[in-house]
Structure formats: C-alpha cells, structure tokens
Amino acid sequence: MAVLTHGSPTPSGAHFDGKGINFTLFSAHAEQVTLCLFDEQGQERQIAMPARTGDIWHGYLPGGKPGQRYGYRVSGPFEPSRGHRFNPHKLLIDPRTRALEGKVGDDPRFTGGVSQPDVRDSAAALPKCLVIHEEYDWQGDKPPAIPWGNTVIYEAHVRGLTQLHPDIPPELRGTYAALAHPALIEHLKTLGITTLELLPVQFHIDEPRLQKMGLSNYWGYNVLAPFAVDPDYASGREGISPLRELRDAVKALHNAGIEVILDVVFNHSAELDVFGPTLCQRGIDNASYYWLTPDGEYDNITGCGNALRLSHPYVTQWVIDCLNYWRDSCHVDGFRFDLGTVLGRTPAFDQHAPLFAALAADERLSACKLIAEPWDIGLGGYQLGNFPTGFSEWNDQYRDAMRGFWLRGEVPRGTFAQHFAASSSLFEQRGRLPSASINQITAHDGFTLLDLLCFNQKHNQMNGEENRDGSDNNHSNNFGCEGLVADAAIWQRRKACQRALLTTLLLSQGTPMLLAGDEQGHSQQGNNNAYCQNNILTWLDWGSADRALMTFTADLIRLRQQIPALTQDQWWQSGDSNVQWLDSQGQALSDAAWEQGCQQQLQILLSQRWLVLINATDHECEMHLPEGEWEGIPPFGVSDHAERLTTWRGSAHTICVLIKRD
C-alpha cells in the first residue's frame, strides 16, 4: 500500500531523486488534492496529498521510480460565477508533466459541467502523466550564438519539412530524427540558414470539432502539456524516447552551426471555452490560471476559448520554469511566443508586466532569442513595436507593405523604403535595434509565396468551414488567372515577382524569416489557413522542388552576409555610409522628391558598394546608375567577363543587385 510522506514544496512538478518521487501541485483555491497512481493495467490508487505549504500541495512517494503513471483529482467549490470549477470526478493532468502516455479523444467524459458539475469519471479516457528521469550526454554541445545581424530564420514544421524527403529513410521521415539527418542539414547549410524555428513541439491535442470532421490540429497550437515533448513527431525506435530524439536533433543542428528556436504556446490552453474538455488547469485552479470576466466567464482574447492569466505570480513562474526546462534539457536557443500580447496583459498590455520582468531578470532566458507575435484579438491587442527591449517581433506591417508594393502597386516607395530599413519608425524611437523587426513575406499562417502569386481568393474548403476561415486580406495578385494553371506570360510575371519578393526579404535591414518551402516553390493550392491539413497539401514535395529558385535563394543569403549595412545591426542614419536612396536617374532623393516621379522605381546603395535596383512597375524601364563602374553579381549576373554598366534596363516586376568595381 503506497503511503505519501510530506515531502517538499520544491522542486515543482514530479521529480525522482534516486530514492523516490516528490510530487507538487499548485492550487490556491482547492480544498483537497488527491494524487492518483496508475499501474500498467490502468488500476488507480488514490492518495490524499498530505501537506500544503502556501498554495503548493505536496507529498513524497518512497520507492517511486521513473515510469510511474499519475494524475490528480482536485476538490473544491463548483461556483462558476466566482470562477471555480472544481470537480473530483475528473482526472487532471499535471501542468508540469514532462511526458504523457496516451491521446485525448473526443470523449463526453471530459465535460466538466457548465452550470453543474458533470459526475462521469474521466480517468479511463485521459492520458496519464509519466515521471521521467533521463540522463543525456551532450558531448560538449555549445550554442551557435549567431549574432542577430547575421541571423536568417527558417520557419518549419517537423513533419511538413521532412515527411516527403527522398534521402531520409522512410521510418525517420516526419520525425525529430529527420531533423538530424545529414540530407536535411545539408539543405539548411547550402541555403545559408542560421536558425531553424520549429512550429510547436509541445504536447498538443486535436480539438473535438476537428476530430468529428476527421481532421487534426496539424500546426500544434492547441497545447495540453507545455513541458512535454510531443510524441507524434517521434520515430518510436526502441529505447529512444521523444525527448532523447529531440535532443539528438538539436545537438546535430548545433554541430552544423544552426540554432533552434521553438514556437511556444502560453496564451491559451487546450481546454478551450466553457464547453471544452476539463483536462488540467480548469479543474486545478480555474480562477488563478485564466483571465475571467466579473461573472466568471472566460475572457476570450485569444479566439481560442480562453486566455491564460500570465500576470498571476504562480502562472508567471510556471512559464519561466517551462522555458528554462526547454533551454536546459534540450539546449534550444530561443522561443517564438504565439499571440504574444497575452504575455504582457495585466489585463491591459504593459511593457513592465510580471512575465516581461521575470524574463529580463533571468540571465539564461534573457540571453536567448525571444520573438513575439505582437497581437491578440482582445482590446488593445495590436502591439507591434511596443514589446520591451530583448524581444524581436513579427512585423506584419513589413509583410503588407512589401506585398502591396510589388503585387498591388498600392504602396509608395517612401513607405517601401521605411520598411526596407527595418521599419525604423516602429522600433528606433523605442530604443530597439533593427533586428527587432522580424521581416517576413509569408509565414505558416497565410498563403505560401507561390500561392500569393497564383490566388486572389483563399481556397480553404478542405478545412470544413465552408471557406469562412482564413484571412480575406492577403494583398495577393494572380496576374489574371486564378490557380496554378496559367499561360507562359502570366508565369513569367509571377516568377519575376517571386524573385523580387525573396530578394526584398533577404536584403532588407532587420531579421529575415523565410517560410520553409518558399525557396522551393511550394503550393498549398490556395489554402491560406492549413492548420488542420496533415497531408500532402502542407508537406514539402522535394521531388518537384524548383532547384533554380533554391540556388537563387542561397545566393541571396550569401550576398546578404557580405553587406555590412545588413549585418551590423545598427540603424541607418542620413548621410552615413550604410545607405543612399536614389531615383531612377541615380540622383539622391530629396525629401520632396520622394513624393514625385514614379513611385514604383528606386535605387538603394548599400555600404557604398552594392546597388539594389527596383522596378515594381508593370513595364520595362531604364535607370541611370550613379557614378562608378558597376557589374552584375550572383544571383543577378556572372562576375566573369562582366560588362561594365552605366545604365540598367529592367523588366517589369524586377529587382537586381550590382556591385561597384574597385
């Protein structure tokens, strides 16, 4: 018969110390916490937690070993109007569990009750927490520590990136192990990628709505257990756990000089709205973990049914501990925060919010690359440029300006230039560096680059919402034909814009982020919200990749790394050697001239040597070059037997880079 001694309120979670397991659980409003232990046959033993220190319930299991399955039942008031939804009929997952065994199906037993507690027991349906204790030999692994000025981010999904790669063994495709495969690493190295940003690898579940339609949450933003590695991306090889496989991947990428950033989800939980499943925080301490309205309803500022109350002292520490766990146990180099405005809500957004202060005070985490998606859907949710020093931010204004300039003719060159210069008006006055602007043309959320040039309308019928989901504001241009089938003239214009947008992205000041597959010409058939498409729609088709475009992209990244104005991470100042803005005649643009003449033509001289020529019009143009001898460089020309140029004739929707001869 298992007996719990008092144990200790620290460390948090379930920890094996060599002689037993110490269990802790936070709940400020519970009346009783019961530890539930499960054997291999699923038989449950319930033991009341014997001690409480402050709001931490704790107990120690002598003789407990790694592999122990467990969960919790928490008793207390069921008073929804006051935010309390305790229900001991529901087995609950430890918010700090580092592994889970099983899956969460669409099961009515997870219902906690809306106005009255649901009395159906959920233990048989709920995955069990696992106590793990895994040593790992990092073999001297060190972070690549890529300076921000040299950083080129590649946003990718573990499965989407590797599932169809022909040079990766079939049994490893779509897994963490595939990330460590030499063929994948060679692609990243050849391309010039410095930093791999992975969509969520935290343990996530599929929403009941998707399960009913036979779909899944492919992107993985419906996180249940943020400390746990998602086993769906593990190869399942004998003796190799998901955690070890991910560690192996990070180590291999580090050995190749590539950083790893994880996309993490702390804005909401997988419990969704009041009608969603009771799996974890709702039953542990609903009033502490979630933002609630005065009448106890969920304040749905995320659009996902709930929002985590990250300003609560314990919840703040929960996030900090989780980030440190990933940093320490998996050696990751940084984090991208989904719907990052929630991090700073108190409930209004505050640069000095408790979580921001805790991140800044943590020497290990503050040294990581921290990236925010600077919005949520709540009041005051759009916060681009307002995050504290130490954060970089996804820049949707850059995205829309570059799309509008090249594809719609709607953006004047002054606006283009402002965003080409790392959106200085957003970041410089707030004491941030250019690298704070994470420049992107596309991301996982939206059209791929190719689809941006082939579709004026979204085509999301496969998502099962009658094409209502996904953005209608895409700033795209199909050049007169909806879809991938078009005549040669249309494809010529599309490919010109494809290269122009890639060039703009990779030669802008700030931190470029390339969506995996854009360098290959990947299409999602016009689906701009493929979050639930775990199939060939989202998996990169390596067999049909545009090899010439891949070479073009690699040449661009190499070119970027040669230009000091782009790598030194300092703001460009008027009159300095970093940048000169010129008109089509090669003359410096005065303040008045910015608003005159053709608004889709421009020359940009970088570091007094590299000349970027831009013709975003729909017709050919001729530009007079500034004084000096100019020649083409890869990927825009061949340096051998180079022609010395004094003028440049550019086709429609064209960008070119020349270098000044010494």
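Going from the start of the chain as shown, residues are counted 1 onward.
Keep in mind that glycine also has a Cβ here, set from the backbone N, Cα and C atoms.
If you look up Swiss-Prot, you'll see D338 marked as active site, nucleophile, on the strength of sequence analysis. Among the features that Swiss-Prot reports, active site, proton donor is placed at E373. According to Swiss-Prot, the site 'Transition state stabilizer' annotation covers D445.
Feature annotations (Swiss-Prot) mapped to structure.
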residue : record                             : Cβ within 10 Å
D338    : active site, nucleophile           : 24
E373    : active site, proton donor          : 23
D445    : site 'Transition state stabilizer' : 18
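Rounded to a whole number, the C-alpha distance linking the residue listed as 'active site, proton donor' with D338 (active site, nucleophile) is 5 angstrom.
Across the structure, D445 (site 'Transition state stabilizer') and D338 (active site, nucleophile) place their CA atoms 11 angstrom apart.
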